[in-house]
């Protein structure tokens, strides 16, 4: 390799050339670590490496003691793994059960760099390391990266990736409103977007956060962006949550723009033109955009001709209106008055665009059950949801087996901070809206849950959260039918080329520690951490074992966090990786770390045994 890259044949290479060579050899490296090793290998201090020095440098950069000793445990001669030795390793350590011989052949073909070894069906230590660092050697089950779940269940049986005030890319008071917010959310697999509409100049409705100083964007721009990007990342339906503050005239414009710009993509009638007894499935609604908003009358009236029914309020209803409507007990006169009032405040054309997601205000689980309309949806603030979880956890789980629920952040979160989506998922809430623009643990959990199933934005809930008669209550794990608790044992072995902390002084080296967090039902919430290793971000070794009991593994997410220990102030964040327990592969695995905003940072990783 060195000779191939030594363009001018002078037998030496400077750091830039060495970097290019490593790229050619497909060796990822962190510049800061590589430069330090380059200087160590440059014994002659010439600023260049000669052939022999390069070999030293390459070994220092790629050698992994812990991988070598694992390799030697299974290799009889310590130099290679035969096909059968590799099969033993895959079965005994990686707990691969089906087709291990085919898998072993595949891995050798794919990852063994030496042609002679490939021809002999053996794996060298270099090939073994390449396999361990590959997607097949990752902690994330590669079969679950693709679409692997049943997509034919009713919409309410899935967790749905959802964003709050999607148009904001900063805070909620003075922040920028931007089309970029929608593009970013859709590219991340988000399937429920929010739009706040207000009357704008020249009859053009505008999108912004009302009564604040956030900037404004025309509604038509949001809709055309949606039409363009809705199905780039996922084929499954997008729900557009409409917060409508427009006059009757501009509501007509909203409806017209939705129909003109989205055309066939906008769902305007039920899937079989029948009154639904349950919600359609993501599969039924592929490439469709559903409007969520207020609606005049009932869904059946659309299909059978007009009927009448009490109207409903918007998500963020104000107290006085709500009170007034509560007093209007559903008796004959009030009933038709209320319907009349809805007709006076809501344009029929816009109402007709709402099919499966009719906003209704939440008046208790019993009330919802008595109407039993799967096409209605209530929105609850995080505080209201927490109270319901506390007081009637099981009823909440049952409610979410047949109807959609949307949760939104408290109005006090003007800084666009988030709440933990986990407690809402624990009761089966499907549309848990988060501020996608705000990085942190809550968005890591969201990205972690939705990084599976082809990143399509829909994840099937476990069976005990899809059964209308379920006894499950997240505060009592024994209410879940199924085997008892599972023990998760994680040996944190080593770290590789961890990045420097952005704010650190030049030349500072991190003191890394690893924290493993379990996010799940209250009984499973836990975290443990390793000790910190002084001054080593290149190849820290912890060799520590952490253990957790999981009572409801189906709902658990596992978050690995690396921090730079600081005894005087808060530790600095270095990297993290979050995934659902259901997607973890056992055995010796690499965890490829992500940055604060969820982007990858090769070659930074952790090496663990599960």
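The backbone N, Cα and C atoms fix where each Cβ goes, and this holds for glycine too.
Here TrEMBL flags 44 as O-linked glycosylation site. Annotated Ca(2+) 3 binding site per TrEMBL: 165, 194, 196, 243, in sequence order. Under the heading substrate binding site, TrEMBL lists 292, 294, 379, 406. Summarising the annotation, TrEMBL assigns compositional bias 'Acidic residues' to 302-321. TrEMBL lists 350-466 with the feature domain 'PI-PLC Y-box'. According to TrEMBL, the Ca(2+) 4 binding site annotation covers 509, 511, 535. Taken from TrEMBL, the feature Ca(2+) 5 binding site covers 564, 565, 566.
Shown here: features listed in TrEMBL, placed on the structure.
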residue: 196; record: Ca(2+) 3 binding site; contacts (Cβ under 8 Å, 6+ apart): 165, 167, 207, 208, 209, 210, 243, 245
residue: 509; record: Ca(2+) 4 binding site; contacts (Cβ under 8 Å, 6+ apart): 500, 535, 536, 537
residue: 511; record: Ca(2+) 4 binding site; contacts (Cβ under 8 Å, 6+ apart): 532, 533, 534, 535, 536, 564, 565, 566
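Note: the CA-CA distance between residue 44 (O-linked glycosylation site) and residue 294 (substrate binding site) rounds to 76 Å.
Within 8 Å of the centroid of the Cβ atoms of 509, 511, 535, where the record puts Ca(2+) 4, the same chain has further Cβ atoms from 508, 510, 512, 533, 534, 536, 537. Secondary structure of the domain 'PI-PLC Y-box' (350-466) per DSSP (helix as H, G, I; strand as E, B; remaining residues coil): 47 helix, 24 strand, 46 coil. Excluding 564, 565, 566 themselves, the residues of that chain whose CB lies within 8 A of the CB mean position for the Ca(2+) 5 site are, in sequence, 510, 511, 512, 513, 532, 563, 567, 571, 572. Among 292, 294, 379, 406, the residues given in the record as binding substrate, the maximal Cα to Cα distance rounds to 14 Å. All protein chains shown were included, and the count of other CB atoms within 10 Å of the CB of residue 566 (Ca(2+) 5 binding site) stands at 13. Annotated Ca(2+) 3 site 165, 194, 196, 243; additional same-chain residues within 8 Å of its Cβ mean position, judged by their own Cβ, are 164, 166, 167, 195, 207, 209, 241. Other C-beta atoms found within 10 angstroms of the C-beta of residue 565 (Ca(2+) 5 binding site) number 15, with every protein chain shown included. Counting other C-beta atoms within 10 Å of each candidate's C-beta, the binding-site residues 194, 243, 564 are led by 194.
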